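Engineer: Starting off with a structure, shown below.
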Amino acid sequence: MAFQGKKLINDPNDVVIEFIEGLIETYPNLQYLDGFPQIKVVVRADVSSSTYDKVAVISGGGSGHEPAHAGFVGEGMLTAAICGDVFASPPVDSILAGIRAVTGVKGCLLIVKNYTGDRLNFGLAAEQAKSEGYKVEMVIVGDDCALPPPRGIAGRRGLAGTILVHKVAGAAAAAGKDLADVTAEAKNASESVGTMGVALSVCTLPGQVTSDRLGPGKMELGLGIHGEPGAAVVDLQPVDIVISHVLNQILSTETQYVPITRGGRVVLLINGLGATPLMELMIAAGKAVPQLQLEHGLAVDKVYTGSFMTSLDMAGFSISIMKADESILKRLDAPTRAPSWPVGADGVRPPAKIPLPVPPCHARKKDEEPSRPQQLNVHGIILEAGIEAAANAIIDIKDSLNEWDGKVGDGDCGSTMFRGAVAILEDMKSYYPLNDAAETVNEIASSIRRVMGGTSGIIYDIFCKAAYAKLKENSESVVSPKQWAAALEASIAAVSKYGGASAGYRTMLDALIPASTVLHERLVAGDDPPTAFLLSSEAASSGSESTKDMQAQAGRSSYISQEILSTVPDPGAMAVAAWYRAAALAVKDKCQ
């Protein structure tokens, strides 16, 4: 029977902000950016982007995993941590604020756990930062060994092994290594570590009821750090047996998740998931070391035991094993002032701390806010017609999109797209510089970022940002049809790069890719542009309908049976077909 979870909090919506306030009052070497509630970023108090002469190492993700990630900010480890809401990826603007606050001339490395939202948001932030002149690299950590190799693009989840990657990268940066070397060391560390978790209970989100999914006498193997189901629910077992199973899974020669073989050297990390007493964690450590030595023939060079990456109040632990060599051991032994790494904290807390201002966006000055021209030229009139028709088409099919998504996803595709369409129509009345196609596309991205949440929002934001970057390469004020086609190709490439999907994965790309192909072909063949646009919209419609016959390999649909998928087209692809077709018809009408 589910019951209301007990929490020592105030408003559930304020838990992350109040956590950060308490954190910086506790540790003298930490600060935060004055951007609450949207921007929740913890930084080293001694670092400024204008003077910092080392590579900045930045990580982050959803909150609820404390002390990760903010507790690992400090000299020799992270330079900044970006905090999302509980179990929610931080927004792009927060990530950008962190990059701008601490990144100096040597650039920054983003260390990202392998979750779709984190990959997309950090990926877009990286591209935006690069466009502002920053040097940025990104390493994605997927150390989960609980589940069999995935068929689709989701890949292995990022778990507590990420903390060891933080330490290696932070030590390399502190040693003065350049961005390429820091990135290479972090990537090597991420490929050398494997993790698996075991839970005795699921976690309780602030303000929500406690789930009774795990009954008395049961435990779950391979549970995710957000409470998502694991590999199996089994009867509660003695810790010796549990540890034996976990070690066998991580070190399996069949899956070969980690490059560790008998006779090798390893580092062991025992991580509490939030509600596990230190006594039980130490018992696990004491049992794991001899098993690694005697049963697996490994030399255990280091053992870290404690709570490093939790899941709120989940009872259980995870085990991480990293392949060790002299280079990695040197980085792990390097000094750090990160408060949650297993070293003592020092320093005197000042009586008062004034938060740092959020850095301004370098891409636009305050007196350069966009505005709608008083008079539209012919290209502005056509662009306005296309945008208006596309947005209205999405509004018209909101309920259908929700219905389709309810069968293959979480049922909110239409509502999410509707919010974006309404915002675009409203913002276009005052803010879109319609006579400038590139800047108008950039403002559409801003409208989407402001109101559209979830994966759809970030994907369309990436889509528009990539198109904007491509259109800006043109020095002429008028965008040619072939330049529009090139911008569409760039957008598709960016969505594929950061989302991981491609043709046939049952996504919006299955409408966009055939549309782009036909548009390019017809323009090269000499068709007039409105006709080429219209013909390509027919390809988008055909592509979206064909998704019924595809096995999903991305997003929540990848968990749905083919029997159900075959009755419903992909909602994202259908949305593309609708707005693309409407825009093409409107452009054709205006050009007649």
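Including glycine, each Cβ sits where the backbone N, Cα and C put it.
Checked TrEMBL, it gives:
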- 11-341: domain 'DhaK' (DOMAIN)
- G62, S63, G64, H65, K113, D118: substrate binding site (BINDING)
- H226: active site, tele-hemiaminal-histidine intermediate (ACT_SITE)
- 381-585: domain 'DhaL' (DOMAIN)
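Neighbours and distances for these, please.
Structural biologist: Note on G62 (substrate binding site): other Cβ atoms within 10 Å of its Cβ, all shown chains, come to 22.
Its Cβ placed at the centre, H226 (active site, tele-hemiaminal-histidine intermediate) has 19 other Cβ atoms within 10 Å.
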Engineer: With Cβ-Cβ distance below 8 Å and at least 6 positions apart along the chain, what are the contacts of K113 (substrate binding site)? List them in sequence order.
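Structural biologist: Set apart from K113 (substrate binding site) by at least 6 residues yet with Cβ under 8 Å, we have G61, I140, V141, G142, R157, G158, L159, T162.
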Engineer: What's the CA to CA span in angstrom from G62 (substrate binding site) over to H226 (active site, tele-hemiaminal-histidine intermediate)?
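Structural biologist: Rounded to the nearest whole number, the Cα-Cα distance is 9 Å.
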Engineer: Reported as an integer number of Å, what is the Cα distance between S63 (substrate binding site) and H226 (active site, tele-hemiaminal-histidine intermediate)?
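Structural biologist: With distance taken Cα to Cα, H226 (active site, tele-hemiaminal-histidine intermediate) is 10 Å from S63 (substrate binding site).
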Engineer: Between D118 (substrate binding site) and H226 (active site, tele-hemiaminal-histidine intermediate), what C-alpha distance do you get in Å?
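Structural biologist: Per the Cα atoms, D118 (substrate binding site) and H226 (active site, tele-hemiaminal-histidine intermediate) stand 13 Å apart.
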Engineer: How big is the gap, in Å, between the Cα of H226 (active site, tele-hemiaminal-histidine intermediate) and that of G64 (substrate binding site), rounded to a whole number?
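Structural biologist: About 8 Å separate the Cα atoms of these two residues.
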Engineer: Considering the binding-site residues H65, D118, which residue's Cβ sits among the greatest number of other Cβ atoms within 10 Å?
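Structural biologist: Buried the deepest by this measure is H65.
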Engineer: How far apart, in Å, are the two Cα atoms that lie farthest from each other among G62, S63, G64, H65, K113, D118, the residues recorded as binding substrate?
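Structural biologist: Across G62, S63, G64, H65, K113, D118, the two farthest Cα atoms sit 15 Å apart.
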